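The active site, proton acceptor annotation in Swiss-Prot covers ASP252. Look at Swiss-Prot and you will find LYS274 tagged as active site, proton donor, backed by sequence analysis. Per Swiss-Prot, NAD(+) binding site is recorded for GLU22, ALA23, PRO43, VAL44. Feature annotation from Swiss-Prot assigns S-adenosyl-L-methionine binding site to PRO229, GLY305, GLY306, ASP307, LEU310, SER335, ALA336, MET387, ALA416; the stated evidence is sequence analysis. According to Swiss-Prot, the region 'Precorrin-2 dehydrogenase /sirohydrochlorin ferrochelatase' annotation covers 1-205.
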Amino acid sequence: MHHYPIFLKLHGCRCLVVGGGEAAARRAGDLLRAGARVELIAPVLAAPCEQLLDTSPGELHHRAEPFAAGMEEGAALVVGASGDEATDRTVYEACRARGIPVNVAGRPSLSTYITPVQVDRSPLQLAVSSGGAAPVLARQIASRLETLLPAAYGRLARLAGRMREQVRVALPDKDWRLRFWEQIFDGAAAESVLAGREAEGEAELLRLLEQEQARPAPQGEVFLVGAGPGDPDLLTFRALRLMQRADVVLYDRLAAPALLDLVRKEAERIPVGKRRGRHTLPQERINERLVELARAGKRVLRLKGGDPFLFGRGGEEIEGLIEQDIPFQVVPGISAAQGAASYAGIPLTHRDYAQTCRLLTGHRRAGHPQMKAHAPYRQDETLIIYMGLVNLEAVCEQLCECGLPPEHPAAVVAQATTPQQRVVLGNLRTLAERVRAERVESPALVVVGPTVQLHPRLGWYRGEAEDRDAAASIDPCWTGGMRD
């Protein structure tokens, strides 16, 4: 993010617009609507500026002279819209010297702020900006928003503004107030206002407020949410909805940073991720924290990579909630296995190659992975091994000891579904060495089975870090061959 979005209160403030053409008229009109006192600085005004001057007496003034350094003194904001390179640069340099925010129309390099495209439903305002990179795209997005937001949303926002102090006094707890307003904006009160029945909507709001005061403070709740394999676009609608309503989030290391950006901005963030035996919080303490936070009335988001019930200890966590009578919801996610297989072009099953798929863990017990406990293995099945990267060499050796040939195809898919995705191909004999050479890091899945050989043909997604010549890494000694 190269620009910090902000709304300025300019009511009664002196603002300068340097220029006398159509662009200057547009910018001056926007500032006047925000309540600013505007000075147009230009030797001559074109017709749009003259018309604006005629319709805005008292708040818009014209200085019929060229801009000179010093005119900006005391201004809250300056806009350069002369279209003249030398004048615009003088405006920019003069304002920079005094620390005055300045924007030169169409010149991001001569601007300390960007004027966004606006969707005005006053007092509700939306702003869309590309940071000057793609203004046409920003306008198109704003146009779509215009069609999605009825003008009545302004009336709804004004009603909320009138009632805000009364609600604050009636419901002193901020989390309680948040839930109340969510109930209002999602319910019949808002629908009435949007339908033009504002008095009816206000009456419904007051009825719900009285009802809310009469009940005890709302109980907390836990949302156990599967965040999917990494790509934020793979979140479910329900997951995103609950992420936007959470008061606090406990998140795993596997949840990509981009996913956390989608959680409600005001929510407290608590990292509880695990990495190769190093736990930010032990599992027992995570279970306790979920109960403690919910009992404090919080809506707690437990954000887990992949699916919470697939090697995610989701069952352990909800057992504790059930014992303590804490309400909860479980939202499944696309599993890491599904995401990695789909984005790597390695089918979990295929009519010609693999009729079954097994999901296993490569965790060690007594110092060794327990692959032998799941034998026998078939050559016409796909194995997805979670947490197998750190013990990869031992995992491959044990699979061979259980009867799979050393030439059996195998792959590691790291950072699946993200721009950092990497796929390393080999077989049970060569994979561990290739992964070491490539310095692959977790999160990663190990995939073993004949469908691995389909990656060069079906691997549609290439991460920025992935070797584009990955097809060459398939060991030619594997005898299964590819079918046309």
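Placement of Cβ uses the backbone N, Cα and C atoms for every residue, glycine included.
Mapped onto this structure are the features recorded in Swiss-Prot.
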| residue | record | contacts (Cβ under 8 Å, 6+ apart) |
| --- | --- | --- |
| GLU22 | NAD(+) binding site | ALA46, PRO48 |
| ALA23 | NAD(+) binding site | ALA81, GLY83, ALA105, GLY106 |
| PRO43 | NAD(+) binding site | GLY20, ALA64, GLU65, PRO66 |
| VAL44 | NAD(+) binding site | GLY20, ALA64 |
| PRO229 | S-adenosyl-L-methionine binding site | GLY305, GLY306, ILE334, SER335, ALA336, GLN338, GLY339, ALA340, TYR343, ALA416, THR417 |
| LEU310 | S-adenosyl-L-methionine binding site | SER335, ALA336, ALA337, LEU359 |
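Model confidence over the region 'Precorrin-2 dehydrogenase /sirohydrochlorin ferrochelatase' (1-205) stands at 94, taken as the mean pLDDT rounded to a whole number.
In this entry, NAD(+) is bound by GLU22, ALA23, PRO43, VAL44, whose most widely separated C-alpha atoms sit 16 angstrom apart. Annotation note: ALA416 (S-adenosyl-L-methionine binding site) sits in a coil segment as assigned by DSSP. Other C-beta atoms found within 10 angstroms of the C-beta of ALA336 (S-adenosyl-L-methionine binding site) number 28, with every protein chain shown included. In this view, GLY306 (S-adenosyl-L-methionine binding site) is surrounded by 29 other Cβ atoms within 10 Å of its Cβ, with every protein chain counted. Of the listed recorded positions ASP252, ALA416, the Cβ environment within 10 Å is emptiest of other Cβ atoms at ASP252. VAL44 (NAD(+) binding site) falls outside any helix or strand according to DSSP and counts as coil.
Across the annotated binding residues for S-adenosyl-L-methionine (PRO229, GLY305, GLY306, ASP307, LEU310, SER335, ALA336, MET387, ALA416), the two most widely spaced Cα atoms sit 16 Å apart.
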